[in-house]
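K.L.:
Below you'll find the structure I mean.
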Amino acid sequence: MAKIYHDLEVSLEVLSDKVITIIGYGSQGRAHALNLKDSGMKVIVAVRPNGESWKRALEEGMTVEKIEDAVQKSDIIMFLIPDTEQPAIYKEKVLPYLRPNQALGFAHGFNIHFSQIVPPPFVDVFMVAPKGPGPLVRDLYVEGKGVPALFAVYQDYTQKCRDIALAYAKGIGATRAGVLETTFKEETETDLFGEQVVLCGGVTALIKAGFETLVEAGYQPEVAYYECLHEMKLIVDLINQGGISFMRKAISDTAKYGDVTRGPRIVNEETKKEMKKILNEIQNGQFAKEWILENQVGRPVFNALLKKDEDHLIEKVGKVIREMMPWLKPKK
């Protein structure tokens, strides 16, 4: 079993004389910056001058600087902007100002693992990846709790990088829940696999296929929406709360029997073969190359596929159904 680190096992001392720059002030960036500041750390928020993030960070009492200025004043530089934006920012506004013994931090391993960012040998490189969205990271911290996280060390120039990563995790509240050690390779490949095969790609494809099957068989789209999409949350919440066996204790015997006898006919050995193929595409860098190229040429395939799904009947029906449920309206 993996080793899990908690509050009492981790010291903030290694960060006591450090200045931490957070690049970005979005969902994760804001949470990390505020939590670290409240943990007594010296924090600089580095964002585009006079943009919305700049103004918000100032309003919330943060020290705000241009990225290149912040890098020169910092000991730790944490990248909390989208993966696709990081390489250019690193090349133009971070790399020219790096000095020995600084540390580069990431919340996802993609750019390091796939060599989109190649750090010089004289810096530390680590990752702290909370397993929850930024607002939850902040809210639980304020409540005296925390969101679990993964941490990893890629390059340990100072021989203190592991301590720095753990202290950073404690600073954002993660050790209150527990942090698990991994590698950049493991985090990147499993994260991409989970997104593509289960959490995003797998789930949305399954929902659409089920919805289409019922509608094509003559059932009302509204009823198909309820059965194939709306009720998904009820089941996933139970699984999230206590696991698959816990969920099965909460459903009818009829549903349970259908689950264990029909489910394996949908996700079968052929499905697993395709899963293994997708995993191999992640491991050998094929997916990364494809996604990087897609961004370089303006995302034509990506945008077309998104548009196709946005025009799907399930979206039109869902909009009508959700009007009946005002409590589901997204918070702005």
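Just so it is clear, glycine is given a Cβ too, placed from its N, Cα and C backbone atoms.
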K.L.:
May I ask you to find which of Gly109, Gly132, Gly134 Swiss-Prot records for the NADP(+) site already listed with Tyr25, Gly26, Ser27, Gln28, Arg48, Ser53, Asp83, Thr84, Glu85, Gln86?
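P.N.:
That NADP(+) site, as Swiss-Prot gives it, pairs Tyr25, Gly26, Ser27, Gln28, Arg48, Ser53, Asp83, Thr84, Glu85, Gln86 with Gly134.
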K.L.:
I'd like the per-state residue tally for the domain 'KARI C-terminal knotted' (183-328) from DSSP, helix first, then strand, then coil.
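P.N.:
Summed by class, the stretch gives 124 helix, 0 strand, 22 coil.
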K.L.:
Just going by other Cβ atoms within 10 Å, which of the binding-site residues Ser27, Arg48, Asp83 has the emptiest spot?
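P.N.:
Among the binding-site residues Ser27, Arg48, Asp83, the lowest count of other Cβ atoms within 10 Å belongs to Arg48.
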K.L.:
Distance check, please: Cα of Asp83 (NADP(+) binding site) against Cα of His108 (active site), rounded to an integer number of angstrom.
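P.N.:
So the alpha carbons of Asp83 (NADP(+) binding site) and His108 (active site) sit roughly 8 Å from each other.
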K.L.:
Output the one of Glu85, Gly134, Glu195, Glu231, Ser252 that, of all these binding-site residues, has the highest number of other Cβ atoms within 10 Å of its Cβ.
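P.N.:
Result for the most crowded candidate: Gly134.
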